[in-house]
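Asks: Just passing along the structure, written as structure tokens.
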Amino acid sequence: MEPPTSSRLNSRKRRKDGSGPNGATELDGIPPKMSRRSLGLREPAPFSDEVEIDYSKPYIRVTYEEAMRGTPLDRPVRVYADGIFDLFHSGHARALMQAKNLFPNTYLIVGVCSDELTHNFKGFTVMNENERYDAVQHCRYVDEVVRNAPWTLTPEFLAEHRIDFVAHDDIPYSSAGSDDVYKHIKEAGMFAPTQRTEGISTSDIITRIVRDYDVYARRNLQRGYTAKELNVSFINEKKYHLQERVDKVKKRVKDVEEKSKEFVQKVEEKSIDLIQKWEEKSREFIGNFLEMFGPEGALKHMLKEGKGRMLQAISPKQSPSSSPTHDRSPSPTFRWPFSTKTPPSSPANRSRNESAVTYDISEDEED
């Protein structure tokens, strides 16, 4: 028992300090946290014929002032709301939410009219009565559902279900030969008005479906429904199939166009990159070419050096100044011997001269 006591003391201390979560106070308009168990229901609302009512206690209606002040927990204010609830939507749910929040302690009973009554007084419905019962059952604000509810509320019906107030929007509802079927309820002081949700109703939803009938018919044909189930003629069925093929072709063409645009964009980006690279490479190539073949390029210097070497290689060597008595001819193979100054006149002399030349060259090399 210690932890609960300490938690209660801490919660009292926080309330005394006036601080809430994240330092907020009650003046900041932050609603108090609710128990997790009250945030949603685990089971659908029961039907009225499945709920036991203790008829031993007398049924005494509460006044509007008493209901607004709040009633004991064992005596909630019994509020009744009826309707067709075809194609159950957010407008229906908001109306039932308002009916549930009319008084601090409210028990909401919802009546749903049968197919027979609805078709006679209002018209054909999209959902049948069992589907509409089930949809209302699963609304979180509903405590009890009345099947086959009456079109006009009688005193006997109100007494049977021990109803204190009837909730509906304040607009006169003309039907069944009456300008307002809730007129006697209003005169008895049992009427509690609610507000309609603008922009959505069952008629609006049906209007959207009728307006876009071809689109929904084509969609359901694609999903496997037959033309007979959709009440579509043979010609319309072929027309829908043809439209579907045309739409597919248009979609493919559109996809190809988008892909081609992406491809062209990528090619343009790559071409720009290639052009920039080519420009850089061309500048580099031209610079290297000028360095090699320009007026002051490396090739000119190489030619000059090569020319000098060639001239040096083919030019004859001059005799040294230290040997004035030796006169050498340009070619060593045609030197005349030093001892003779005239060429020989006979082959015998030529042979002797050759031997003398060989001898002189060897002596010269030794010197």
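Just so you know, glycine gets a Cβ as well, placed from its N, Cα and C.
Annotations for this protein, taken from TrEMBL, read as follows:
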REGION    1-42  region 'Disordered'
DOMAIN    80-208  domain 'Cytidyltransferase-like'
COILED    239-266  coiled coil
REGION    313-367  region 'Disordered'
COMPBIAS  315-324  compositional bias 'Polar residues'
COMPBIAS  339-356  compositional bias 'Polar residues'
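Tell me what's around each of these sites.
Replies: Within the same chain, residues 214, 217-218, 221-222, 232 sit at least 6 positions outside the coiled coil (239-266) and bring their C-beta atoms closer than 8 Å to a C-beta of that stretch.
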Asks: Do you know the DSSP helix, strand and coil residue counts for the domain 'Cytidyltransferase-like' (80-208)?
Replies: 45 helix, 26 strand, 58 coil
